[in-house]
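To start, the structure under review is shown below, and the notes come after it.
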Amino acid sequence: MKSLIVFACLVAYAAADCTSLNRLLVKRQWAEAYGEGTNRELLGNRIWEDLFANMPDARGLFSRVNGNDIDSSEFQAHSLRVLGGLDMCVASLDDVPVLNALLARLNSQHDSRGIPAAGYPAFVASAISAVRATVGARSFDNDAWNSCMNQIVSGISG
């Protein structure tokens, strides 16, 4: 019985950790979803549409970039900046010093804008949903994405 409990704890720990295999999978699937050019705009639109459908009040956090119209040039530029930052974080998952520097910078930017802690899990859920929809549910590993995205978001949210 003790062995079973220890095994269950190890499985739970491994699932919560962004392992090297998780990082490889997330990087590959992110590259597929992020793509280039208009693919990036489509991925961004999927993320923001999902986020705002689930958290309509979040639009107010983006008034500076015309958050009421995700198709506006101001919001599209913001969306591409967010995806660019996420792209750098995903690319740096296996380079801890670089990732930590990126996360520290993103943390200071988000702190100065007063982004509430409640918004981060919603963004993670929307980003994961958008990537899954883009790469296909059959090959998508939700545990890998959750563990690696939580590592990124915990660094941004402090």
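Note: Cβ is positioned from N, Cα and C throughout, glycine not excepted.
Given the structure is predicted, the values throughout are model-derived calculations rather than measurements.
Look at Swiss-Prot and you will find 1-16 tagged as signal peptide, backed by experimental evidence.
Among the features that Swiss-Prot reports, domain 'Globin' is placed at 17-158.
Its own atom aside, the Cβ of C18 (disulfide bond) has 19 Cβ atoms within 10 angstroms in the protein chains shown. A coil conformation is recorded for C18 (disulfide bond) in the three-state DSSP classification, outside any helix or strand. Residues annotated as disulfide bond in Swiss-Prot: C18-C148.
Under DSSP, H110 (heme b binding site) is assigned to a helix (H, G or I) in the three-state scheme. Listed in sequence order, I156, S157 are the same-chain residues six or more apart from H110 (heme b binding site) with CB atoms under 8 A from its CB. Swiss-Prot lists H110 with the feature heme b binding site.
DSSP assigns C148 (disulfide bond) to a helix.
Per-residue pLDDT, averaged over the domain 'Globin' (17-158), rounds to 94.
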